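Asks: First the structure, then my questions, so here it is.
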Amino acid sequence: MAEEGQVIGCHTVEVWKEHFTKAAESKKLAVVDFTASWCGPCRFIAPILADVAKKMPHVVFLKVDVDELRAVSKEYEVEAMPTFIFFKEGKIVDKVVGAKKDELLMSIDKHAAKVASA
């Protein structure tokens, strides 16, 4: 898959659904970054997430701009940015609200390890 090792920006609902479905069917951990272009903490955490994505090709990283895809943000009740929601097989398994680098990295490691050992 060409998308491995990077954060995939989903700019339309169709692209979101395609990547979300692909991730759910792959049984990989999917980390979705709900972000906004005007959000300072989002800009702080974005390069950290991109770096993690390079190191973890066995995890799917998606990015959703809450202003572009309001319906998706609303569906997952995103109220603050950044919000990171962790999915396995299409189901929410964890959530980190805010640009909390350590908490985000620990959650990725915790859930990615479960997938790798499954």
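Glycine is treated like the rest: Cβ placed from N, Cα and C.
Pulled these features from TrEMBL for this protein:
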- Cys39: active site, nucleophile (ACT_SITE)
- Cys42: active site, nucleophile (ACT_SITE)
- Cys39-Cys42: disulfide bond (DISULFID)
- 1-113: domain 'Thioredoxin' (DOMAIN)
- Asp33: site 'Deprotonates C-terminal active site Cys' (SITE)
- Gly40: site 'Contributes to redox potential value' (SITE)
- Pro41: site 'Contributes to redox potential value' (SITE)
Asks: Using a 10 Å radius around its CB, how many other CB atoms surround Pro41 (site 'Contributes to redox potential value')?
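Replies: Summing over all protein chains shown, Pro41 (site 'Contributes to redox potential value') has 15 other Cβ atoms within 10 Å.
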Asks: Given the recorded positions Cys39, Gly40, Pro41, Cys42, which one's Cα is the least distant from that of Asp33 (site 'Deprotonates C-terminal active site Cys')?
Replies: Cys42
Asks: Where DSSP helix means H, G or I and strand means E or B, what are the helix, strand and coil counts for the domain 'Thioredoxin' (1-113)?
Replies: 49 helix, 31 strand, 33 coil
